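Beneath this line is the structure, given in structure tokens, with notes to follow.
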Ligand SMILES: O=C([O-])CC(=O)C(=O)O
Ligand SMILES: [Mg+2]
């Protein structure tokens, strides 16, 4: 079947979940065609293999007619992880590019324990769907060979009552492991990976707040790891902010940024903003953090609160407590409002209106995923601000038509950056991944739209250009990694264009060779 007729088949399916299932089958049965479709029609296909549809797939995972693709590791097998990795079928297939040129095998692993899937909470082993969805982006966006991409689910139990009662649920029917027992499972997993392959990049995905921060802090100094929700989301959001500032002509130092939601995404973004203010504008980290204010489910995160989790403390400033978002907007007069709360409709018309009366071009980013959790829609932000908004959402919104002009919503999704950063780490066999990498990638991405596009609110290149964007980003990040001594690999091209040529030469070319 040709790619065109397959695309027609997909378009003819009424429900997004049926498109998702069709695409999974295609991947299993006609892999070359699947990857051709994904790479050639990324913008159209992505919403069905990734957010928002992947959210529904994770919620219904055990009831859908699908064959899991990723590696399932349960806590009870914690001493056998290495054997299970070695038995994983796809590892028999060698990565031809790397064998030819670098004599190494280096793998990409996306791992989750399913406790915070998008904004949907604990979905138990249904979280396998997010690891399987994210890993596709490595090939679709950055050109990583799918044969070295491994989605992993670590089953440590679930606290989701309805899953525990569901007769079709296949995961461990026990409450989640916590504390030492939990960390031992992850430590065994990381140790097994080290023994399994000479170099592996590990992307932590959709862990709950406490574990997300703890695991990142535990492994980042000595392993090639990053947390996509803390660091990937921070990178794309800072890029969006810097891009929006090119449109307003203002500096990052002039911004007051109000976050609605204070989980790993929010505080990850704020910390990267603080790093940017510190390293590029000379503020101290403490001064820099004052530019970011948080609201959580109880109200303003402020110094008088005694109920704050550790990751919120750096942002608990000396301000009077406020309960409601509208009050906070009117009091602090933010230049930017960032939604990371998973609370649908939290950005009410009043809030959008207040942001617009304070700012000539209000920056409003409802980032919660999937689309059903977004704090407001593109249309609400656009119309409520009389078109002045600089908007980006986490999941895609359809374009809107005003006065005969089609307006496209920018999508500040970490998919713009994690594949490129990961690919750079793979190519250079990075030992670690520093904050500077995320900062540099954000800065570079923020310059990828023209001033004319920015004036029309287009703050990112379209997803249809993702391979070009990723090639440039991968090159810049790889160069930065080698310069900083984090990248240990043999490539040493001089300058961005030589790096870009090198990266392109290493990108996976579809369709796959017949040997697969
Ligand atoms: O998966 C996405 O679309 C972005 C993300 O990491 C999340 O929401 O957890
Ligand atoms: Mg995530």
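Counting starts with 1 at the first residue shown.
Glycine is treated like the rest: Cβ placed from N, Cα and C.
Of the residues proposed, 345, 359, 369, the one TrEMBL records at the same (S)-malate site as 116, 413 is 369. When Cβ atoms from all protein chains are considered, those within 10 Å of residue 205 (divalent metal cation binding site) total 28, not counting its own.
Cβ neighbours of residue 50 (active site, proton donor) (same chain, under 8 Å, six or more residues apart in sequence): 133, 134, 136, 137, 415. Of all Cβ atoms in the protein chains displayed, 26 besides its own lie within 10 Å of the Cβ of residue 206 (divalent metal cation binding site). With respect to their backbone Cα atoms, residue 205 (divalent metal cation binding site) and residue 116 ((S)-malate binding site) stand 9 Å from each other. Note: the CA-CA distance between residue 413 ((S)-malate binding site) and residue 229 (divalent metal cation binding site) rounds to 10 Å. Ligand 2 lies under 6 Å from the Cβ of 205, 206, 229, out of the recorded positions 134, 205, 206, 229, 413.
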